[in-house]
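Feature annotations, courtesy of Swiss-Prot:
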MOD_RES   K62  N6-(pyridoxal phosphate)lysine
BINDING   N89, G188, G189, G190, G191, L192, S315  pyridoxal 5'-phosphate binding site
DOMAIN    339-411  domain 'ACT-like 1'
DOMAIN    434-504  domain 'ACT-like 2'
Amino acid sequence: MAESQPLSVAPEGAEYLRAVLRAPVYEAAQVTPLQKMEKLSSRLDNVILVKREDRQPVHSFKLRGAYAMMAGLTEEQKAHGVITASAGNHAQGVAFSSARLGVKSLIVMPKATADIKVDAVRGFGGEVLLHGANFDEAKAKAIELAQQQGFTWVPPFDHPMVIAGQGTLALELLQQDSHLDRVFVPVGGGGLAAGVAVLIKQLMPQIKVIAVEAEDSACLKAALEAGHPVDLPRVGLFAEGVAVKRIGDETFRLCQEYLDDIITVDSDAICAAMKDLFEDVRAVAEPSGALALAGMKKYIAQHNIRGERLAHVLSGANVNFHGLRYVSERCELGEQREALLAVTIPEEKGSFLKFCQLLGGRMVTEFNYRFADAKNACIFVGVRVSQGLEERKEIITQLCDGGYSVVDLSDDEMAKLHVRYMVGGRPSKPLQERLYSFEFPESPGALLKFLHTLGTHWNISLFHYRSHGTDYGRVLAAFELGDHEPDFETRLHELGYECHDESNNPAFRFFLAG
C-alpha cells in the first residue's frame with residue numbers, strides 16, 4: 001500500500017501539486033464521471049458539466065481527503081486509532097477509510113444527529129459516541145479524547161493532506177475535459193475549494209475557479225472582507241454540509257491566493273438547483289451538493305455568460321428523504337417562477353373575482369384567507385410567473401394601480417416557513433406579545449426544555465413548527481410579555497436556542513398580529 005508523504009506547514013503550490021499526484025486516494029475512492037447536463041445546457045446556452053461525487057462509496061467527496069491524510073499516518077499512529085467530530089459526510093469518509101486501512105476510528109457526533117447518519121457511520125465500521133448539543137461541543141470532546149487516549153485527530157478540512165486529497169478531484173476534471181472555461185466549487189470549511197483551486201492553477205491557470213457559498217453560512221466571504229478568518233455569529237441550517245462558522249487557516253490562505261471569484265446564493269436557489277440535477281441527470285443531491293450549481297446559474301445570469309464550458313461539483317448526496325418536501329415547496333421561488341404577496345382587498349362581495357381578474361389570467365398557486373375584519377381582507381397569495389423578477393414587479397404595479405395595498409413576501413423567510421400555513425389565526429383582541437423564531441434541535445426533550453424555560457412564566461399566544469428533515473427544526477412562537485420583557489430576555493439566554501425577534505415582520509403584522 002502506498003503512503004503519502006508529509007507536507008510542510010504552509011506548502012507552496014508546487015508542493016501541493018506533488019502531493020495530489022502522490023495521494024493514494026484510489027485505494028478507497030473512485031474516479032467519478034463528468035456528465036453533461038443536456039437540458040440545462042440548452043436552457044442556459046452553455047455547456048454545463050457536473051462532477052458526480054455522489055457516486056463515491058460514501059456518496060460525497062469527503063472520502064478523498066480523509067483517506068489521503070490517514071494513509072500517511074505512521075504505524076504507531078494507526079495503532080492508536082483516529083478520532084474526528086462530524087455530523088455528516090466527513091464522519092462517513094473517516095469511518096470508510098478506517099475500515100480500508102484497518103485502523104480503529106471513533107466518531108463523536110452531536111446528540112441531535114439524525115439516526116440515518118449515525119447508522120451510516122456504524123455501517124462503515126466506525127464507532128460512534130453521541131455527545132453535546134452541537135458540533136462545537138462534539139469537537140471539543142473529540143479533541144479531549146484525542147489528548148487523553150492518544151488518538152490522531154482527523155480534521156474535516158484544515159490540513160494540507162486533506163486538502164491534497166480533495167485536489168485529486170481537480171486532476172480528474174482536467175483529465176476528463178481540458179477545455180473548461182470555469183469550475184464552480186462549494187465552500188464550507190474550504191478544503192475542496194482550496195484543493196481544486198491550487199491544483200488547477202498549477203496546471204491550467206487560464207481556467208477560472210469560482211467559490212460558491214450559502215448566503216447564511218458565508219465564512220469565506222467574511223474572511224476575505226476582513227483579510228483573515230473570522231467567526232460568523234450564526235450559520236444557516238438548510239445546507240448543513242457547508243454550515244461552518246469559520247474558514248480554516250490553511251484553506252483560507254489558499255483560497256485567498258488561488259480563487260478567481262466568489263458568489264453566494266440563498267436556500268431557494270439551492271432548491272431550484274436540486275430540481276435541475278434531478279430532472280437532468282436523475283441525481284438526488286443534498287442541499288450542499290447542489291450549492292455549486294446554484295452559484296453557477298446565478299453567476300451566468302449576472303455576467304451574461306454564453307458559449308462556455310462550465311463544470312460544477314455535485315459534492316454529496318446524503319440527503320434526508322423527508323427534507324425533499326421542503327425542497328419541492330421552495331424550488332419554484334428559487335427559479336423565480338412564483339411570487340408570494342400580501343394583498344389588502346375590500347371585505348365585500350365580488351372582491352376575490354375582481355382581484356383575480358386583475359391578475360390577467362395568471363395561475364394562482366396559493367391563496368390563503370380567513371375573515372378577520374368587516375372592512376378589509378388580508379390575503380396571502382402565490383402567483384406563477386414565467387419572466388422572473390420583472391414580471392413580479394409588473395404584477396405588483398398592476399395591483400397597486402388597481403387600488404390594492406401590496407407587500408412582496410417572496411424573499412421573506414418567516415412568511416415562507418411559517419405564516420403561509422397560519423393565515424386566519426389573528427386574535428380577536430390586541431395582545432401585548434413579542435414574536436420570535438427559534439431553531440430547535442430535532443431531539444427528544446427539546447420542546448420540553450423550551451416549555452419549562454419559557455412556557456410556565458409567560459402565555460404562549462402563537463406557536464408553529466414544521467419538520468424539514470434536518471437536524472434542527474424551525475419554530476415560530478409569540479409570548480404575552482407585559483412588563484416582564486427584561487426577565488424574558490434572561491430566560492432566552494438560559495434556553496440557549498438560536499432565536500430572532502420577528503415582531504416587526506410585515507407578514508406577522510398583516511396576518512397574525514392582534
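Using the three backbone atoms N, Cα and C, a Cβ is placed for every residue, glycine included.
Feature annotations (Swiss-Prot) mapped to structure.
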| residue | record | contacts (Cβ under 8 Å, 6+ apart) |
| --- | --- | --- |
| K62 | N6-(pyridoxal phosphate)lysine | N89, H90, Q92, G93, P156, G316 |
| G188 | pyridoxal 5'-phosphate binding site | F157, S217, G241, V242, A243, V244, S288 |
| G189 | pyridoxal 5'-phosphate binding site | P156, F157, D158, C219, V244, I247, G248, T251 |
| G190 | pyridoxal 5'-phosphate binding site | F157, D158, L220, I247, G248, T251, F252, L254, C255 |
| G191 | pyridoxal 5'-phosphate binding site | G65, P156, F157, D158, V162, I163, Q166, G248, T251 |
| L192 | pyridoxal 5'-phosphate binding site | F61, G65, F157, Q166, L169, V185, P186, V313, S315 |
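The binding residues for pyridoxal 5'-phosphate are recorded as N89, G188, G189, G190, G191, L192, S315; their greatest pairwise CA distance is 14 Å.
Assigned with DSSP, the residues of the domain 'ACT-like 2' (434-504) fall into helix, strand and coil as follows: 21 helix, 29 strand, 21 coil. Broken down with DSSP, the domain 'ACT-like 1' (339-411) shows 22 helix, 26 strand, 25 coil. DSSP assigns L192 (pyridoxal 5'-phosphate binding site) to a helix in the three-state reduction.
Same-chain residues with CB within 8 A of the center of the N89, G188, G189, G190, G191, L192, S315 CB atoms, the pyridoxal 5'-phosphate site residues themselves not counted, are F61, K62, P156, F157, Q166, P186, V187, A193, G241, V242, V244. Averaged over the domain 'ACT-like 2' (434-504), the predicted model has a pLDDT of 78. Taken residue by residue with DSSP, K62 (N6-(pyridoxal phosphate)lysine) is part of a helix.
The 10 Å shell around the Cβ of N89 (pyridoxal 5'-phosphate binding site) contains 30 further Cβ atoms across the protein chains shown.
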